[in-house]
Ligand code: GAR
């Protein structure tokens, strides 16, 4: 059977993109990252993608008249590459219906909290400020809401006495880098 084709969407540093690439290289994830979609022409993830020679679709939303227009262009590229799964990895935009409709059930997102707690921006900061003792990571299907789709996997991170927000951020990212490739692999095996 041919390998599942992934498109990773990212806007920032790309540590999850890196973890996914590494898992495809060391045999833990039976898939191929055939495209990186990025909405920030200066994002650090682009340097990583160039090193790995991942094909890129980089766009500046301001250059398009509307969200429908840039999402229609993305759909065109995804269909050209026969993408099986869209993996959101720090892509900081809501997915609109133009992109959601043709790929519904095939788009997943990672979020740095135990949803439904702390959706939206700066989830780690929100959890830290709230003083919770347990936070974590959620992987979920994407729907039209903000971090609201059906939950696929979660893992907890305990916030110990004396931990700084930076410590929490790092602990959460360590969990993400393991949980995301594992969860993608399980979805591929289930053939959902
Ligand atoms: C990750 O921690 C991810 O969970 C978060 O952005 C970070 C991207 O890091 N996503 C969200 O907050 C989505 N609501 P990375 O660029 O190093 O992978």
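Even glycines carry a Cβ here, placed using N, Cα and C.
Unlike curated records, TrEMBL annotations are generated automatically.
Under the heading domain 'Formyl transferase N-terminal', TrEMBL lists 5-184.
Long-range C-beta contacts of residue 16 (N(1)-(5-phospho-beta-D-ribosyl)glycinamide binding site), restricted to its own chain and to partners at least six residues apart, with a cutoff below 8 Å, comprise 8, 10, 89, 90, 110, 176, 177, 180. According to TrEMBL, the feature N(1)-(5-phospho-beta-D-ribosyl)glycinamide binding site maps to 14, 15, 16.
Following the DSSP three-state reduction, the secondary structure of residue 95 ((6R)-10-formyltetrahydrofolate binding site) is coil. Around residue 95 ((6R)-10-formyltetrahydrofolate binding site), taking its Cβ as the centre, 23 other Cβ atoms fall within 10 Å, counting all chains. TrEMBL lists 67, 92, 93, 94, 95, 109 with the feature (6R)-10-formyltetrahydrofolate binding site.
Around residue 111 (active site, proton donor), a 10 Å sphere centred on its CB holds 24 further CB atoms from the protein chains shown. Per TrEMBL, the feature active site, proton donor maps to 111.
Residue 147 (site 'Raises pKa of active site His') has a Cβ environment of 18 other Cβ atoms inside 10 Å. Annotation note: residue 147 (site 'Raises pKa of active site His') sits in a coil segment as assigned by DSSP. Here TrEMBL flags 147 as site 'Raises pKa of active site His'.
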Listed binding-site residues with Cβ under 6 Å from ligand 1, out of 15, 67, 93, 94, 95: 15
In the chain carrying residue 14 (N(1)-(5-phospho-beta-D-ribosyl)glycinamide binding site), residues 6 or more apart in sequence that have Cβ under 8 angstroms from it: 43, 44, 45, 46, 48, 49, 89, 90
